[in-house]
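Taken verbatim from TrEMBL:
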TRANSMEM  12-34  transmembrane segment
TRANSMEM  54-78  transmembrane segment
TRANSMEM  90-113  transmembrane segment
COILED    151-178  coiled coil
DOMAIN    171-247  domain 'Signal transduction histidine kinase internal region'
Amino acid sequence: MYNYRRNPIKAGLISAAIVSILLNLFFIIMMLYGNSITMEGDHPAGPPPPRLDLPFALMHALTNFLLAFFLYELNFAVFAMHNIQHRYKVLLSVCFTIVGAVAFSLICSYISIEINGVRRGLHMMVRGSLFRDCFIAILVNLSTQIMYWQRKQEQSRIENEILKAENLRSKYEALRNQLDPHFLFNSLNTLNGLIVSNSAGAQEYVQHLSAMFRYTLNQTDVTTVRKELDFTRSYCNMMQIRYGDNLKIEINTDAVYDDYLTIPFSVQLLLENAIKHNVITRKYPLHITVMTLTVENMLVVSNPIQPKRDSGACSGFGLKNLSERYKLQFHQDIRINSSEHLFEVAIPLIKPSDHEGIDNRG
């Protein structure tokens with residue numbers, strides 16, 4: 001039914017019209033085929049042929065509508081009260097409905113008595129209007145409580161969705177904020193080493209680092225593949241300064257994915273993960289490949305496994321963080337494949353239109 005809190009008058013009109021139409025259809029059927037509703041008395045010669053008293057049927061429909069509308073507005077006013085517990089609202093609505101129906105019935109009976117006389121007016125009240133008014137009162141009260149319950153359910157669902165979205169947002173922000181000090185710490189450690197061993201390289205390193213932090217400060221929840229790869233290339237230049245020819249990073253991506261979406265720092269994090277956990281020396285150079293998979297709409301970062309002897313146990317913090325952020329933002333997950341000699345991570349690339357659909361679903 002119509003939302004009574006948004007527009008109670010319109011809701012009352014619509015609901016009363018529905019009740020009036022249903023009851024009047026029943027009344028017309030009984031008028032045509034039931035002697036007990038004709039109110040014409042007994043017929044010794046047999047029941048009269050079916051006939052429709054149109055003026056009386058219209059008056060009956062109007063009376064039903066007015067009573068239903070009056071009771072709906074009365075119930076809506078009760079359920080709109082603030083600072084009253086639900087059980088008291090139900091009790092008040094029942095009481096007001098009974099009182100309202102009785103009052104309306106008495107008024108209609110008084111009018112009927114004035115028009116038709118005392119005997120016929122009382123006869124019509126007992127056999128017709130009293131039953132009708134009680135039935136309408138019950139129907140209105142029950143339907144109002146159903147509308148109230150449906151509205152409360154919908155309101156609770158919306159509130160839960162809002163809370164869920166806020167919790168996801170807070171969790172996502174917490175995950176993203178964890179990476180900022182993590183990245184800064186690693187970058188400053190690298191810079192500290194370069195200052196001692198390669199002062200010229202340290203200066204160039206600072207320039208790339210500055211460009212990267214500008215990207216960081218202007219970052220949102222998602223970014224395009226083009227921007228992420230530009231950021232990643234700055235990171236690659238920094239790593240080339242540090243490792244020289246011992247590190248080779250090959251980026252081979254399809255330009256069709258430039259406007260697709262990904263998580264900020266996702267590719268850089270995968271490169272950092274590969275550099276952190278593998279040996280990089282002249283004897284064992286590290287070759288990292290970044291490429292797109294056209295069929296699956298994914299970007300893959302792969303590297304040979306050259307584990308450091310003193311690297312200790314891997315916490316998996318970076319990959320776990322990236323996985324959680326993808327789940328929260330895109331409802332998708334990264335894919336990790338590890339064999340004896342090769343380690344690769346594939347991240348989904350999201351069409352902008354698909355991301356809008358995810359936002360609309362919440």
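Cβ coordinates come from backbone N, Cα and C, glycine included.
The domain 'Signal transduction histidine kinase internal region' (171-247) scores a mean pLDDT of 79 in the predicted structure. Broken down with DSSP, the domain 'Signal transduction histidine kinase internal region' (171-247) shows 68 helix, 3 strand, 6 coil.
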